[in-house]
Amino acid sequence: MKTLRRTLWNFRSIILILVTPLLLLPLPLVIRTKEAECSFVLLLMAVFWMTEVIPLAMAAMLPAILFPIFGIMKSSDVAREYFKDFHFLLVGVICLATSIAKWGLHRRVALRLVTLVGVSPVWLILGFMSGTAFLSMWVQNTSAVAMVMPIVEAVLQQILKVQTTTKNVQEIMVSFSLRLQLVSVSLLYFKRIYYRLCCLQGAECQPAACEANKRDRMVCKAMCIGIAYSSNIGGISTLPGTSPNLIFSEFLNQMYPKCNCINFGNWLLLCFPISLIMLVLTWLWLYWLFIGSDFSFLWQCGGEQTEKERAAKKVIEEECKSLGPMSSQEIFTGVVFLLMVLLWLTRSPGFMPGWSSLFPHYSGYITDATVALLLGLLFLISLFLLQPVSMISWREFQESMPWNVALLVGGGFALAEGTKVSGLSLWVAELLEPLGDLPVLATITVACIIVTTVTEVTSNAATITIFLPILSALAEAIQVNPLYVLIPTTLCTSFSFLLPVSNPPNAVVFSYGHLTIMDMVKAGIGTNVIGVLATLLAVATWGVPLFSLDTYPDWAPVYPGSNSTSP
């Protein structure tokens, strides 16, 4: 039996690939309705996405094969779903992120934020968390962590009194930048890459914890976990900050084309306070969990610096000096970045006419993707505009562009359209009508908890892609504004804090060797609770007037016999 179990485990991927479609075959062969056939595709993709027995991008292409075979959608119609406005927005954002990383603007911003809070270990944690959260608002979360962690590691070595030469630090940074090529552009193969990272990193980055006292080790744990968590916390603030945010935005445009409620500005108004609340409470939670319950440092200031604080300050000052004055490339990148944010905020702010109103005959034609693509292409064509050396090359853009994620998202859009065309979404809506008897906030809370739990073991992008069609049908069934359900669950999809394999930033930080899995589990439970509560608070208070969540919108369908429930 032991040999049999080992054999089954070794061949689990092949078994799942063969057995899953066989178990689901009664749906299209016995029931033979369009709803059942679409359910077959949906369940098959969900199993493959959650188990990752095949690459997520490969599973995302199943609708292109199965929908035409089942007669749900024509092949040409399915193909159109694989490239949307989302992809142009992603192209522009990746151009900006590539230039930021190439010319080192991220290091300058992160170090500037750290120096503002001081060099006390407790305040250093907040400084690094703030820097990482700010960077992750504009670049991929994994990239933000990989940009900050080499600086953090150098500071931690001083706190732990490890004799690390500048050469060692540079070797760590170079080694880590190479690994960044593997993990920063995709969530797809990360669970496998994570084990390689741990093996490769173990020999060179294990801290000399035995030479440090317990408090120093706890400071290191809190700082490392804080970096991982703040990348997700900051990412939810902006639409391009995380993949789930972008997927939700495009799903909304696809399923509810008359809904023009979500843009960069009002999303920032809703989610930036959530990020601030989560960042401060997570910082305090990590301090209490790892360092102590004495919070007197919050109102005490001044005092003589300790030896460790002076050592940390020296490392940060050396890092700042090594950057030198701002280069023309950094200035150009910073100007384009500020211009992109300004245009996003003022395109259609809602409370006043935006610059898109200058084109009254083409209302709704210009989106955030238009702005991102226009300014993003400046980096690629800068060779002909500004200097003999381009800001970024086409090869650098290709290496940074997450094509696998683009395919994954396209598959999700195709699946969503298939559920609508086949009538599966209507069938699910009718099935979920009894939930209208529950309080709306209770229903949303249950949905958030389910999504937060699933995303701990599944890719964030895959999780939101699976749940969006189901949750939109739920909202329509109970006659609640779909945004009331979809916004909090989209945010909770990014709250994967428990395990190193829950998301790439967790694994990157874990690979440095300062943490154990139990450290991350204990800290993640509290952070998940903080995230869910902060999200529910925001949606139920300032989110209601911001998006008119207390009324069922005219852009959402009304099904006969549906329960009408007001928040």
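Including glycine, each Cβ sits where the backbone N, Cα and C put it.
Transmembrane segment is the annotation TrEMBL gives to one range among 191-210, 331-350, and that range is 331-350. Here the transmembrane segment (331-350) touches the transmembrane segment (86-105). Their Cβ atoms form 3 or more pairs under 8 Å, with each pair 6 or more residues apart. Residues 12-13, 16-17, 20-21, 24-25, 27-28, 72-73, 75, 78-79, 81-82, 187-189, 191, 403-405, 407-412, 414-415, 418-419, 424, 454, 457-459, 461-462, 465-466, 469 of the same chain sit 6 or more residues outside the transmembrane segment (40-66) yet have a Cβ under 8 Å from a Cβ within it. The stretches the transmembrane segment (406-428) and the transmembrane segment (86-105) are in mutual contact, each linked to the other by at least three Cβ pairs under 8 Å (pairs 6 or more apart in sequence).
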